[in-house]
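Trainee: Pasting a structure below so you can have a look.
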Amino acid sequence: MNRSGISKKRPPPSNTPPPAGKHRATGDSTPSPAIGTLDDEFMMEEDVFLDETLLYGDEDEESLILRDIEERESRSSAWARPPLSPAYLSNSQSIIFQQLEIDSIIAESHKELLPGSSGQAPIIRMFGVTREGNSVCCFVHGFEPYFYIACPPGMGPDDISNFHQSLEGRMRESNKNAKVPKFVKRIEMVQKRSIMYYQQQKSQTFLKITVALPTMVASCRGILDRGLQIDGLGMKSFQTYESNILFVLRFMVDCDIVGGNWIEVPTGKYKKNARTLSYCQLEFHCLYSDLISHAAEGEYSKMAPFRVLSFDIECAGRKGHFPEAKHDPVIQIANLVTLQGEDHPFVRNVMTLKSCAPIVGVDVMSFETEREVLLAWRDLIRDVDPDIIIGYNICKFDLPYLIERAATLGIEEFPLLGRVKNSRVRVRDSTFSSRQQGIRESKETTIEGRFQFDLIQAIHRDHKLSSYSLNSVSAHFLSEQKEDVHHSIITDLQNGNAETRRRLAVYCLKDAYLPQRLLDKLMFIYNYVEMARVTGVPISFLLARGQSIKVLSQLLRKGKQKNLVLPNAKQSGSEQGTYEGATVLEARTGFYEKPIATLDFASLYPSIMMAYNLCYCTLVTPEDVRKLNLPPEHVTKTPSGETFVKQTLQKGILPEILEELLTARKRAKADLKEAKDPLEKAVLDGRQLALKISANSVYGFTGATVGQLPCLEISSSVTSYGRQMIEQTKKLVEDKFTTLGGYQYNAEVIYGDTDSVMVQFGVSDVEAAMTLGREAAEHISGTFIKPIKLEFEKVYFPYLLINKKRYAGLLWTNPQQFDKMDTKGIETVRRDNCLLVKNLVTESLNKILIDRDVPGAAENVKKTISDLLMNRIDLSLLVITKGLTKTGDDYEVKSAHGELAERMRKRDAATAPNVGDRVPYVIIKAAKGAKAYERSEDPIYVLQNNIPIDPNYYLENQISKPLLRIFEPVLKNASKELLHGSHTRSISITTPSNSGIMKFAKKQLSCVGCKVPISNGTLCASCKGREAELYCKNVSQVAELEEVFGRLWTQCQECQGSLHQDVLCTSRDCPIFYRRMKAQKDMAVARQQLDRWSF
């Protein structure tokens, strides 16, 4: 019914599925046609991500099923990739494709490409897509694994033959099951040079050892490390070089292939087998020497039309249990398939168990059995043939769940989801660990030929957020919330009717749609492909591995050009000791009401490495310093005491890599300014960001003591130069800008960080500070060796310097208007404080810095503290989140979030936080002297049981220190003014409903007016006669609470996409959820009071 009460029919649905987008490279793409919108009078906008949704009133279920059968027949052709061109079919055209996945397998040698070969051999497998959108599987033959050892002095051809025989014998003993005719295929004498340390001779003799299979490199290395008995030389152990390089990376380096680039195989250089091994449209075999690798420039910088599948599953769990694949069915799978670079998906469907009411613009596919649902999804994967599979937490939950569920049901044909025939999906537990990211537990699902991109993993790596739920991440990046239905309600919706299952389908589709939106918004595909191109590693390495593999890849490439080899580093952890970090000049804390100019070093650490030629191959050992007698003008002694040769003797590899990266970044930024096409801009922006990150990670690679090639002599030299430059900058500024030097005021450096200094020139206006800042940067840059450069970038005015690495100020880059309020190390940007602290600090800084109203800021703090003590603060503002980096038993000191996670595990192990998750909690009232870890509690549990919060904990442990840091420089007696006084004397504590001793308490009636205990009735004797006044007050209170609850309820309905369905959302990351729950409780209590009136 519409507002006027007249029933209106909704328009019938379209009989045709959404059109498939055109297949082309994204360099010149145009969006697919959008679905037409309908008049607002006909319907509410129910599905936020769709144009609209509707229910079909006139069609019975039988006609819907008949139409569905007709539509299914056309799906395969609508979903299929474009057909191969005649030139491809006749082998008369070179095959050019963008490779996305690259791995290696062990198989029989290709007799036609490698005549005379026999037995097993390593084969490189590359999957990709042509410009036309055809899928490619390329088998590359002939590339062999190898590594190096230094040739012992005096070893000749006969000795090498004896060495070969000894090594072959030991390898045969170690690899008894290998089906190869020869384990050590060749040992050759080659002229190379180790990258470690400066050497005057141009090269030395190495032995290149080529083995039959990649796994044999490690076993051969182990034999040589332990020692080998050689005729004529006795027992000898060897230092190996490049024996820890992954086979795929070795292949890419030697063939000059980088991740995500375009590969060409010329006509006549590839062979097609009659019996194909994959489902790809183009499958062929070639020799590695026939591959042409194209640099990512011009046409070859564009992206192929990759097919991106975003999916989500819903499972019907048992009451009180989180879904488990051994017991609980998969009831819905939502799928969106988009061509990379296009705005609209060309496949939009949801597969449901049992009937589901139609959804406009969505192909609803209903099935009677779970087996049919799972096989339909398997068929979709086969027909659509996605290159990239995305979702949110798919690696840890969705994909493993589907595989295990299919195994439980005995569906043997389900796990054939990859591009290789008869190859089943494999799932194993995995743990990712790095100093930057901490420890994260996950699962590794191998789907051969398809790149899995889990958005939760990418966002974890690239962004620091207080919560990583899909709802919270979507709110942060897309300003869009979603309904979050608790797993316990999903089963009820499934067991309802077609309408409730339709609601579940809309929810499931939203969970498939948001990851696609995030992928586009954060330009993940562009950024990751460009990072792979810049660093030379496969795209899949970027999510699965840390930073060091990227630098190692660049070192190997540059080393190959220079005929250098990398030693296999043996030291770990503490063997090399530690080094002193960067300098932070003493902070002259206070509130500065005059402009503060900031002078920043451009790419400081990379610049130092380039300026002073710091590298593995330019480092001179203390012994060689004495022995080589190098002229002083050709060496540099660093402030940390290390010696490096200058470029006049030898240019370092690391400085060369850095020069190329920074030059390429300048070029990419210049091209970005000129670019007009949005897709070209996305590629160039991704490239310049990748180049910047890569340049900055080179220094970290040398300082990682557990890395591939640590060298603390380099990293300690870099930081010592950095310290020296910060101190030199301070001296030069304060010596030059003085009244004696003709300036109006004496300049003062008030703070210096790793790569920047803050200067107060004494002038009162921003423009004058900017002029002096530019002059200072130019003057000081002239005293440093190029390319070290000091730049003037910004002015802070006013500026609140709290202490080291903690400050806030208004940032100006032009004198007319400030750009933003910039903070560092303050609770506005820290993620382990509750939202109340962040909001209060932000409000205070706004009033102090922007409004220049310190008394107003103080009054706002007092009011907030009073609200906290009187229990008037939303619970959502008091939630603290901390990352769970290990299990409770592994923590040396008990922590609030660690102990809560253990308690939640005892309540419900399935929904309890795991290692790597962030745990939300609040601190509750408890016995005097109880520790914080004993008082942490789950916010939902607190709401459900009306457990009182401990306001004093929040005042003393969360609010007081951040506030005093801000107010002490601007407010006299800040502690007394803000934390003591009349506003702190009244405290209200909630009575718990059913926890602790309250389980045994007997409730006592109290007077509605004055709250004194009474035996019956509504009012005490003293309040009799005030019935009208108190009743009206009670009615008014109920009406007010109903209005508050109604507004919150409507807000939640709008978020879920329907104004005529109950709200089911229980999102822990949404402040509205906590407010709605509290309003509902308050309203129920007020109604109980009202019901006590007997008239």
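Indices start at 1 and increase along the chain as displayed.
Placement of Cβ uses the backbone N, Cα and C atoms for every residue, glycine included.
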Trainee: Kindly point out the range from 123-139, 140-156, 497-513, 1007-1023 that Swiss-Prot annotates with zinc finger.
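Mentor: Of the candidate stretches, Swiss-Prot labels 1007-1023 as zinc finger.
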Trainee: According to DSSP, which of helix, strand or coil covers Cys1052 ([4Fe-4S] cluster binding site)?
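Mentor: Note: Cys1052 ([4Fe-4S] cluster binding site) is helical by DSSP.
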Trainee: Write out the long-range same-chain contacts of Cys1023 (Zn(2+) binding site), meaning residues 6 or more apart in sequence whose Cβ is under 8 Å from its Cβ.
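Mentor: Result: Cys1007, Val1008, Gly1009, Cys1010, Leu1030.
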Trainee: For Cys1020 (Zn(2+) binding site), name the DSSP secondary structure in the helix/strand/coil scheme.
Mentor: coil
Trainee: Quick one: Cα separation, Cys1020 (Zn(2+) binding site) versus Cys1065 ([4Fe-4S] cluster binding site), in Å?
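Mentor: So the alpha carbons of Cys1020 (Zn(2+) binding site) and Cys1065 ([4Fe-4S] cluster binding site) sit roughly 42 Å from each other.
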Trainee: State which of the following binding-site residues has the fewest other Cβ atoms within 10 Å around its Cβ: Cys1010, Cys1020, Cys1070.
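Mentor: Looking at the binding-site residues Cys1010, Cys1020, Cys1070, the Cβ with the fewest others within 10 Å is that of Cys1010.
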Trainee: Within 8 Å of the Cβ centre of Cys1007, Cys1010, Cys1020, Cys1023, which other residues of the chain have their Cβ, at the recorded Zn(2+) site?
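Mentor: Neighbours within 8 Å of the Cβ centroid, excluding Cys1007, Cys1010, Cys1020, Cys1023: Ser1006, Val1008, Gly1009, Lys1011, Val1012, Ile1014, Leu1019, Ala1021, Ser1022.
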Trainee: Around the [4Fe-4S] cluster site formed by Cys1052, Cys1055, Cys1065, Cys1070, list the extra residues of the same chain whose Cβ is within 8 Å of the site's Cβ centroid.
Mentor: Gln481, Lys482, Glu483, Asp484, Gln1051, Gln1056, Val1063, Ser1067, Ile1072, Phe1073, Arg1076
Trainee: Average the per-residue pLDDT over the motif 'CysB motif' (1052-1070) and send me the rounded value.
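Mentor: Computed over the motif 'CysB motif' (1052-1070), the mean pLDDT is 73 on the 0 to 100 scale.
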Trainee: Does DSSP put Cys1007 (Zn(2+) binding site) in a helix, in a strand, or in coil?
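Mentor: Where Cys1007 (Zn(2+) binding site) sits, the three-state DSSP reduction gives coil.
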